[in-house]
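Straight from TrEMBL, the features:
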- 50-237: domain 'Dihydroorotase catalytic' (DOMAIN)
- H61, H63, D153, D305: Zn(2+) 1 binding site (BINDING)
- H63, L64, R65, N95, N278, H309, F323, G324: substrate binding site (BINDING)
- D153, H180, H232: Zn(2+) 2 binding site (BINDING)
- D305: active site (ACT_SITE)
Amino acid sequence: MRIRIDGGRLLHSQTGELYGASVCYDDVTGKITAIGDETIPADKVETLQGELILPGFIDMHVHLRDPGFTAKETLTSGLQSAAAGGFTHVACMPNTNPPTDAAEIVRDITTRGRDVGKTSVHPIACITVSQKGEALTDFAQLKEAGAIALSDDGKGVQHGRRMLDAMTRAKELDMPIVIHSEDETLSGNGVLHPEAAKRIGVPGLLEESEAAMIARDILLAERTGVHLHVCHVSTEQSVALIRWAKARGVHITAEVTPHHLLLTEALITEDDAVWKVNPPLQGERDRMACLEGFLDGTLDMIATDHAPHTVDEKSRGILRAPFGMVGSEVAFPLLYTYLVLPGIVPLSRLVEAMTRVPATHFGIDGGAMHVGGTADFAIVDLTKEKEIDPDRFYTRGRNTPFAGWRATGWTARTIHLGREIFIAGEERFI
Ligand SMILES: NC(=O)N[C@@H](CC(=O)O)C(=O)O
Ligand SMILES: [Zn+2]
């Protein structure tokens, strides 16, 4: 059946302007069949009230916790949460139990993920067996099973020579190495930025631990030619190093999270683990550097680092609670409301960083709106403003410091491969 959506607005990929257009797609082939006006023939017509029809969003960093930590999240709840945030593709990190270090685990996630019938999931497999930082996993088998990239996210690979071996092998197989940059000899048992840590009375986590590891891995990526992707960049020094690496022609990409673009350590005035995230919220100078890096493309894409934990775990105080914040459902509304509306970031930059850019760098079939392309849409309502209420989330996680913030730009509907995978107001099935 050919379905035509009238009354929506599209973002022009060259000019960045919004324009009214009708989009027609086939729900069997899952392809866009025409972009034009209301005269395009169709079997069924739906009419919007000026909502944006954007390409489905792509998030290269989520934690779905399944297998092993299903009290925090399941494939079902995590992919439903992603769909609710307008995402049609997510890449999930391997710090599950067991960790994604073998082909059968990659296949299990892919198969069960497909059965959920929501957002597509692309497993990122471990660099080292059990994420222990020692023996390398079998990259070829992991790739063959469907792993999109390799990472020990949650931890950094501490041993330089081992990382060099990993990059050499990954380059041979044309697989990206995705790094959680943390030199544990510097970060130690730190939990917050040193300034906030002083206020709360907990150990500080040195900002330098991030850039120190990025520096090492840039040098190794230059030597090996591997595609190095840097997760959740948070400091001014890291942005400067990545800018330098790009100027040298190193094959490097980087992501920044909504929380590192919007929050700083100064907000942490009491012992509430809702603020605890890795890397930590940093200083204002770091936040501004991330913003600048995001605007000039040094930080290529937005990734949420969606990291759900249970209410119980997050009630244990900053010292004892796990690191992480949920992000899938609030990413676009927060960035739209607090960066696009005030004129800090152009809408076109935000949208490309959540669509075309990750698609291009990770070879995902999506991220653009053109005839013959996949019918993946985030239909976003810019008129409805509401307060962020974690109790209404689709994710099992409630851990967000943005509770109570007002935002607009909520996803009204998400369409993936020509199928509706989310309609605002639909019931949660968790
Ligand atoms: N970011 C976090 O604070 N936590 C992540 C791990 C990670 O991405 O480093 C998690 O798995 O909970
Ligand atoms: Zn990480």
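Each Cβ is built from the backbone N, Cα and C atoms, and glycine gets one as well.
TrEMBL entries are annotated by machine, without manual review.
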### Task
Look up H61 (Zn(2+) 1 binding site) in the DSSP assignment and reduce it to helix, strand or coil.
strand
### Message
Looking at the binding-site residues listed here (H63, D153, D305), whose Cα lies nearest to that of H232 (Zn(2+) 2 binding site)?
### Response
D305
### Message
Tell me the Cα distance separating D305 (Zn(2+) 1 binding site) from R65 (substrate binding site), rounded to the nearest angstrom.
### Response
12
### Message
For ligand 2, list the binding-site residues among L64, R65, D153, H180, F323, G324 whose CB atom is within a distance below 6 Å of it, in sequence order.
### Response
D153, H180
### Message
Return only the integer: C-alpha distance in Å from D153 (Zn(2+) 1 binding site) to H180 (Zn(2+) 2 binding site).
### Response
5
### Task
Between the Cα atoms of H180 (Zn(2+) 2 binding site) and N278 (substrate binding site), find the distance and write it as a whole number of Å.
9
## Note on the structure
Cα-Cα, H61 (Zn(2+) 1 binding site) versus G324 (substrate binding site), nearest Å, comes out at 12
### Query
Which binding-site residues from the set N95, F323, G324 come within 10 angstroms of D305 (Zn(2+) 1 binding site), judged by C-alpha positions?
G324
### Message
Just to be sure I understand the contacts, which binding-site residues have a Cβ under 6 angstroms from any atom of ligand 1? Candidates are H61, L64, R65.
### Response
none
